[in-house]
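Report on the structure given below.
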Amino acid sequence: MKSLIESFIQNRLFMYLGMVFIFLSGVVSLIGLRRDAFPNVDLKQMVISTKFPGASPADVELRVTYPIEEKLKEIDGIDEIRSFSRNSVSDIDVRVSLEEKDPEKVLNEIRRAVDNAMAELPAQVTEKPKMTERKSGSFPILEFSIFGGKDEIELHTTAEFVERELEKIQGVARVDVFGKRDREWHILVNANKLKQYSLDLNDIINTIRNRNINLPAGSVDSETAFDLRIDGEFKNPSEVGKIPTRTNEIFSTVKLEDIARVEDTFEYPRFLAIANGKQGLILSVIKKERSDAIEVADNVHKRLNELSKTYPSGMKTFVLNDEAKRTKNRLNVVSSNALIGFTIVFGILFLFLDFRTATLTSLSLPFSMLMTFSVLPFFDVSFNMISMMGLIISLGMLVDNSIVISENIYTYLAEKNDSVTASLRGTVEMIVPIFGSYLTTVTAFLPMLFMTGIMGKFIWEIPLVVIVALTASLIESFLFLPARIAAFAKTPNQMKIKSKFRLKMDSIFHSIETNFSKLVSFNIRHKKSSFAVILLLVFGSCGALSQMDFVLFPKEDIEIIMIKAEFPPTSRIFQTREKMKYMESIVQKIPKEELVSYSTKIGVQQTDPDDPLSRFGENLGVILIYLTPEVKRERKATEILRSIEPDLKKTPGLNEIFLEEFGNAPPIGAPITISIQGKDYETLKNISNELQSFLKSIPGVFSVRDDYRYGRKQMYIQLDEGLESFTGVSTLSAANGLRAAYDGERAGTVRKGRTKIYLRVLYDRDFRKNPNEIKTIPLRNKAGNITNLAKISKMDLIESPELLAHKDFERAITVNGDVKLDEITAHDANQRVATEFKPLIEKQYPGIMITFGGEEKDTQRSMASLAKAGIIAIFGIFGILALTIKSFWKPVLILSTIPLGIIGIVIGFPLSGKSISFLAMIGIIGLAGVLVNASIVLVDCIDSIRKDSKASMDDILIEASQRRFRPILLTTLTTVAGLLPTAYSLGGSDPVLIPMTLALGWGLGFGTLGSLLYVPVTLSVFNDLTTRFKEKRSKKK
């Protein structure tokens, strides 16, 4: 190491070329870094969606969900599996354990299991189950609406064109269009005329299929060869009515137009999209996982502006939600705070050091950061809030090594050594202590790289960036800093000349050192009392910390509010739309300085298109309210939500309403997510009702609901087996005839340009509106004769659940809820259920299992993993100290200073009005590695003085405290200064990162000051005890 340092000092070309290389590579890497709000977290989550047309939830559960689950049971490595059986659809959400060493192998086994289950699924399941892997990196970066125009055909045509054009942009994965409907020609059959001509719907369907053909028919092999093609495809709706359906008894042809009419329309809407009160279509642009969110969004905006100029008259586009803009604002806030911290650190250096020394030393900061940026792309780290947090933590520490080395070099320069000799000796002398300090800090952060669970995956970039940045700082301070000082340092004569400002500052710092030395002296004289007070403060602070509120992620700076509304199951989609207009009128009253936009979706309740917890139904609606940034409005999102909640609950015909806030957090679950598992849904529902009542009795808990609800009533039609055999009408043909009558049957397609148009055959509206007509539906038997459905079946109208859920292969009902953080935390609410409710229920209902998910599950896993990382860090630091100091009890003494930082935390957080969060706990563990450095320097100085001094132990302690006060104070101030702007939002607020910087800032400030007082007092106390023990032993001898 010495020869390498010497080569840089002797050959300055190494230094110049190295700095140029670092500058260029750092700038290039910084420009090329991908920008995201948060790191991409591979959730290892697969959603298996299977369509079973016309089936009830019970049929879907029995015939689709169970067979697939049976195959999935055989797979190892699955953390959790949840299934949802709805009308016509089975959704199975499979989550692979994040601790699994080969998750891709597990995902492939899941795919094979689903393929194997296909053979056991009913014949009506004609499509292969859709398997979607969910990833946090693929999210909507932009949502906008298209509305207006001449008619719906024009609207859909334009939207399809925009969709295709935007998907051509590099970085765009896909564009989802909400509210889109397939274009259809409806063949609306008159039931009476159908009976008159002894026909059924299958006759009409087959007639259309046999006529609507466009197929190649070979080729003619002659001198003028040409191909043959049968072209019977319909060109317009009127052609459909002209085709013959049959010839009657008097040989008169019955055309389709004689018994039906054809309409050019769209399929019946399952969803409606409304933006700011205007019905249209909502388009969501989904970025690719590894693309730059801001760059992609900018390109989309540019292309969208170009496309809008080509829209038909009256058609407009309105941007609802620009997530990329929000990401850009967040990164700007973090960058601004980092820049302010950067400036403050420079300012402190220039206060403590002379101009030239401060300049040479401060260059370590930008070059260490540039070196860090050069390395980050190799670890696939993007420019996001979490990676920037790692840089902010490192910011003040990046100059710590340089400060210590430069001061040591200038000590040798003051002794009239030449600059080369002084730089070499001053640097080499500090290799062991600085490297030891580096190792202790790295050891504190290193275990965090291997934390498990979703939170471990979310925060791993923080320890990585800190370790890379500190390594860069180590290289810079050992190689480049000594070479710079050797080249540009002042001569001994120049060092004697000081400005008035420098003399004034030196005088101030000398006064502070003297007064601090007096404080240390006072504490040593009253060592017993001082030692007792410090211990009392430590134990009291640790007790206070355990009683502070804990929130996994703070819900602050909310910009999106979701209103979920549910109306009676009988509400049709357009009726729901009319009722939702009342809610929209209330949303519109939110002041313009608070409201950006809002969107309404009818027929669904979901957070994203791939959300397995989505609910579907014509009686459901959701409003997403997009607010201005919190700094630009007087009221917080919670206040706005509570102000409109009473009026929203007055909505006519409303069954239930739930209001939610979307915070800046990783994909964790709801604050309260409690699953009740068993075999009988009736029992589960009773327990769910009891649990909901219990939760509602807890102050601060609101929006309590479960996922078991009754949907529309269902008419169960069962064919009489005897009559079925006698008439020759099978259950399958009856089911197909019934579905075609009401839902319609697609009898083919035609194309107009790029647009595919489906031909749907069904009865006319008058027939479908009359429930009595069900009995009269004509069905053709095997003999070719027509009979009515009522003659061969019995019918019962009964209630049916909307959804049947399973958790880990057991039937389950899940209860969700939210909390008001000013009254209770999610953890406290869940703990009350665990201690007061769960034991009683499990005793009363044997076989019932109650499990906690969502935020509580993530909290327990995260804290267990964090505790493990903390224990490993402490033992690692102890090992490094023991090997470096070659002592056992001194490392114990140094480690015992860590709890001193807790004093600052229990003071700083209440003063700042913040709760302890997961990232705050990360800061506390990181604090351990940084805080011990001051004690290491102080203990090392004490040992050095003791070797050469015959003074008393107390005098040595006072002298060492005074000697090391200035460098320790300087390194502490620079580290805290780097954190201060983020902790107190000097460059803008970021609630996710504030707790971590508060923990580090307050903990380091109080901990370092406490260490400078605690270490001398403790050593003095133990020295007295050792002396007395030796005296007693000598007297006995």
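Glycine residues also receive a Cβ, built from the backbone N, Cα and C atoms like all the rest.
TrEMBL lists 12-33, 333-353, 431-450, 462-481, 531-553, 866-885, 892-912, 918-939, 968-987, 999-1022 with the feature transmembrane segment.
Between the transmembrane segment (866-885) and the transmembrane segment (892-912) there are 3 or more Cβ pairs closer than 8 Å, counting only residues 6 or more apart in sequence, so the two stretches are in contact.
Only sequence-distant pairs (6 or more apart) were considered; of these, at least three Cβ pairs between the transmembrane segment (531-553) and the transmembrane segment (999-1022) are under 8 A, so the stretches are in contact. Annotation: stretch 333-353 has the most Cβ pairs under 8 Å to the transmembrane segment (968-987), among 12-33, 333-353, 892-912, 999-1022. Remote same-chain partners of the transmembrane segment (333-353), defined as residues 6 or more beyond its termini with a Cβ less than 8 Å from a stretch Cβ, comprise 361-362, 365, 385, 388-389, 391-392, 395-396, 399, 403, 406, 505, 509, 966, 970, 973-974, 977-982, 985-990, 993.
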